[in-house]
Structures are given as structure tokens and as C-alpha cells.
Amino acid sequence: VHWTADEKQLITSLWGKVNVEECGSEALARLLIVYPWTQRFFSTFGNLSNAEAILHNPHVHAHGKKVLTSFGEAVKNLDHIKQTFATLSKLHCEKLHVDPENFKLLGNVLIIVLASHFTKEFTPACQAAWQKLVSAVAHALALGYH
């Protein structure tokens, strides 16, 4: 992926303001609520029976933070996203058998979360840069399936 200086700046400046715990938890919860079939990958998380249960589930909260923390590695390594996610790709492909389409869904949910948290800063140019980033991360995570 080729990044312009403007794209890198838009991504890193917004990332510096992101509360990883809050946004990560919200993004994963939204994924599980909006796309309920994704819940099958989280069978050990306990009660995911409704939106309220998901929003208050400590496992969702903790894993959302973990997911967004790893996403931060992409922000730090914009020029090496494939290598950054090689191990996670292998895990999600070979052990967890996660449908790679779910990576795209999570990326799109993350865009919505960021837009809702950073209404003024999340300009169309910022959205375009972040959309490019979440697409690159989804692609890198799906490489283990090819």
C-alpha cells in the first residue's frame, strides 16, 4: 500500500486521540450486534443474547481493546502492514477459522465508531485515509486464506 504524507498524517493524528479501550470495545460490540452471525467465533464469551448483554460483556470489552491495540500496530507500521499481521492472519485462518469477510465488517464498524467519536476531525479526507487503512488491514489478515 502506498501512503501519501497527508494520509499518514490524517491517520496518525486521529489515532493519537483514540481511546483504544472505549473505541475497541464499542467496535467489537457493534460488530456482534449488527452482524450477529459473527458471534459464533466468540462462543467462550458467555452471554451474547442481546445488545444489552453484549454491551456489558467483560469479554467483549477486553477483546475489543485487544483488537484495537493490534490495529494500532498497523498505524505504527503503515509501510509494513502485511508483515505486521502475518502471525494474526495465520492464527485467524488456521486455528480460529474466521471468515475473512468479517475483517472487512469490523473495519467498516470501526469507521463508524471513529466517525461518531470524532465528528469534526473525521472529514471525508480522513475517512478516505482510514478506509484505505482498514481495507489494508483486512487484506493482510485474510492473506492466510490464499
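Counting begins at 1 with the first residue displayed.
Heads up, the Cβ atoms here are built off N, Cα and C, so glycines get one too.
Marked as domain 'Globin' by Swiss-Prot on the basis of sequence analysis: 2-146. The heme b binding site feature in Swiss-Prot is assigned to HIS63, HIS92.
Residue counts for the domain 'Globin' (2-146) under DSSP (helix as H, G, I; strand as E, B; rest coil) come to 116 helix, 0 strand, 29 coil.
Per-residue confidence over the domain 'Globin' (2-146) averages 88 (mean pLDDT, predicted model).
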